[in-house]
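Right, one structure below, let's go through it.
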Amino acid sequence: MHRASHHELRAMFRALLDSSRCYHTASVFDPMSARIAADLGFECGILGGSVASLQVLAAPDFALITLSEFVEQATRIGRVARLPVIADADHGYGNALNVMRTVVELERAGIAALTIEDTLLPAQFGRKSTDLICVEEGVGKIRAALEARVDPALTIIARTNAELIDVDAVIQRTLAYQEAGADGICLVGVRDFAHLEAIAEHLHIPLMLVTYGNPQLRDDARLARLGVRVVVNGHAAYFAAIKATYDCLREERGAVASDLTASELSKKYTFPEEYQAWARDYMEVKE
């Protein structure tokens, strides 16, 4: 069986972006899940930052995973992947220079595309966890990412959160990233089609949409007409794996089946309340 090179996988992803269809990603988190996704016919996969944190650290999504840890997991996937994989590279693990290092390492790992977001990460002392960096810094990160890539087929996608700012600010940011040379725009927090249309009409590069299964956005044909080429519904496969592991081990110990959901199990074993308490204790301004 022919195993596509990393460049060929990147070209395959570019072809998806150049098409007139809308594709749904498979959540891939290790080599086995990547092989399964390809065998089932998924056109592309995504290694989510939150999922990588769970898989590598058993920690909640508090930007705790390091670039090296993330790249190691991406490399394991890249060794076997027969489908293009997008890396959720969070904020690029630092400033624009860190973004350049991130691109170099993920390109070497075999990733087909990566997203760089403009959220202020990791959370800063005395700042809201939902703050965004300024547009100018976001543009600098995208320009740095483009400069750092060696294979021109590697897709650089600028990501922003449409839920945290008004639509005019979203348009301003996405236009700036488009002008900076981003190959695509990733939108999180889009409410419905009216919200999406207000943003999409200003853009001429492909869109990637993180919907988390939002029922207001379940129309692939309409999404495609608006320029959406990639949809991320979430990471249900990973959480199903957690649930299956828990239920299997409980049964081996002779326990009855549990009614805990996958989401509840994730919280049970990643201790988010502890991290939140530490953040309040060490990172908030005391009155």
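Keep in mind that glycine also has a Cβ here, set from the backbone N, Cα and C atoms.
If you check Swiss-Prot, you get these features:
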| type | residues | note |
| --- | --- | --- |
| BINDING | SER50, ARG159, HIS235 | substrate binding site |
| BINDING | ASP88 | Mg(2+) binding site |
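The full span of the recorded substrate binding residues, SER50, ARG159, HIS235, taken as their largest Cα to Cα distance, is 18 Å. Considering only the binding-site residues ARG159, HIS235, the Cβ with the fewest other Cβ atoms within 10 Å is that of HIS235. The separation of ASP88 (Mg(2+) binding site) from SER50 (substrate binding site), Cα to Cα, is 9 Å. In the three-state DSSP reading, SER50 (substrate binding site) counts as helix.
The Cβ of the residue listed as 'Mg(2+) binding site' has 21 neighbouring Cβ atoms from other residues within 10 Å, across all protein chains displayed. Across the structure, the residue listed as 'Mg(2+) binding site' and HIS235 (substrate binding site) are spaced 12 Å apart at their Cα atoms.
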